[in-house]
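Asker: According to TrEMBL, the feature substrate binding site maps to Trp73, Tyr80, Arg81, Tyr82, Asp139, Arg165. Marked as 2-oxoglutarate binding site by TrEMBL: Asn124, Arg125, Tyr126, Arg208, Ile209, Asn210, Leu211, Thr212, Phe213, Arg214. Sequence annotations record features per position, and here TrEMBL assigns Fe cation binding site to His135, Asp137, His191. The feature domain 'Fe2OG dioxygenase' is assigned by TrEMBL to 117-217.
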Amino acid sequence: MMDDLFSGLEAAAPKRVEMADGAWLLRHHALDVSSTLLHAVDQISSAAPFRHMVTPGGFSMSVAMTNCGPFGWVTDRRGYRYQTTDPESGKPWPAMPQSFQSLAESAARDAGYPDFIPNACLINRYEPGAKMSLHQDKDEKDFTNPIVSVSLGLPATFQFGGMNRTDPVRKHVLSHGDVVVWGGPSRLFFHGIMPLKDGIHDAAGRARINLTFRHAAV
Ligand code: SIN
Ligand code: FE2
């Protein structure tokens, strides 16, 4: 009985894992607020629905995306960029909920970036089989700010490499409530998500939701 209680507490205890210089995995950092975050995602996606955007090369992404906050990341045949409006509706992206902003700032602080204030939140929805190939986040122009990435729903394998696409990658399983923060020396490191394994998550169903907070300079 005591053992069970103890291992339960251990499992829920926050844990920081240094993934690379300047990059931290904050296990369970978002667990307490996860249902608030998922509820907010439903509200955002009813105003700005998830959609499969097209890359400049003409491929439809397997991950469905939407955004909230002053700036949203988009891709189409013209390229990758941030814009203040949803290209589907022409309207501004839904506002960034206070719960999103607070969580992103507290995670950044815990990882050593106390000045981070996000002005963009890309919301990624992965269904089984969806993946994100290795890439760098480099459309923000200002790389003094970190990236804060929140995982909700089904677990996924995150790959974190180096400055070159061919650098070796480390793999980390990201579970519901985990937060990854990378900045400073690792701000431009290649990263990606391996194809999502099938499953059903209690709170998110047959999906993984990822919130990626950035400070975009335009
Ligand atoms: C991204 O790199 O934009 C998404 C990463 C993730 O889904 O965890
Ligand atoms: Fe990324």
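Here the Cβ of each residue, glycine as well, is placed from N, Cα and C on the backbone.
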Asker: How many helix, strand and coil residues does the domain 'Fe2OG dioxygenase' (117-217) contain under DSSP?
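Answerer: Its residues fall into 3 helix, 44 strand, 54 coil.
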Asker: Tell me, which binding-site residues from Trp73, Tyr82, Arg165, Ile209, Leu211, Phe213 are within 10 Å of His191 (Fe cation binding site) if we use the C-alpha atoms?
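Answerer: Within 10 Å Cα-Cα: Arg165.
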Asker: Please find, for Asn124, Arg125, Tyr126, Arg208, Ile209, Asn210, Leu211, Thr212, Phe213, Arg214 as listed binding 2-oxoglutarate, the greatest distance between any two Cα atoms, in Å.
Answerer: 19
Asker: Under 8 Å Cβ-Cβ from Leu211 (2-oxoglutarate binding site), six or more apart in the same chain: what's there?
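Answerer: Spatial neighbours, sequence-distant, of Leu211 (2-oxoglutarate binding site): Leu37, Val41, Phe100, Ala104, Cys121, Leu122, Ile123, Asn124, Ser149, Val150, Leu152.
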Asker: Got a sec? Which of these binding-site residues, Trp73, Tyr80, Tyr82, Tyr126, Phe213, has the most Cβ atoms within 10 Å?
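Answerer: The most densely surrounded of these binding-site residues is Phe213.
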Asker: Any of the binding-site residues Asn124, Asp139, Leu211 with a C-beta atom under 6 A from ligand 1? Give them in order, or none.
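Answerer: Cβ < 6 Å from ligand 1, in sequence order: Asn124.
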Asker: Nearest of the binding-site residues to Arg165 (substrate binding site) by CA-CA distance, picking from His135, Asp137, Ile209?
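Answerer: Checked the binding-site residues His135, Asp137, Ile209; minimum Cα distance to Arg165 (substrate binding site) goes to His135.
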Asker: Return the average pLDDT for the domain 'Fe2OG dioxygenase' (117-217) as a whole number.
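Answerer: Looking only at the domain 'Fe2OG dioxygenase' (117-217), pLDDT averages out to 97.
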Asker: I need the nearest neighbour of Asp139 (substrate binding site) among the binding-site residues Tyr126, Ile209, Phe213, using C-alpha distances.
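Answerer: That would be Phe213, the closest of Tyr126, Ile209, Phe213 to Asp139 (substrate binding site).
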Asker: Using CB atoms and a 10 A radius, I'd like the single residue among the binding-site residues Arg81, His135, Arg165, His191 with the highest neighbour count.
Answerer: His191
Asker: Identify which of the following binding-site residues, namely Tyr82, Asp137, Leu211, Phe213, place a Cβ less than 6 Å away from any atom of ligand 2, and list them by sequence position.
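Answerer: Among Tyr82, Asp137, Leu211, Phe213, near ligand 2: Asp137.
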Asker: Hey, of the binding-site residues listed (Asn124, Asp137, Asp139, Ile209), which one tops the CB count within 10 A?
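Answerer: Selected residue: Ile209.
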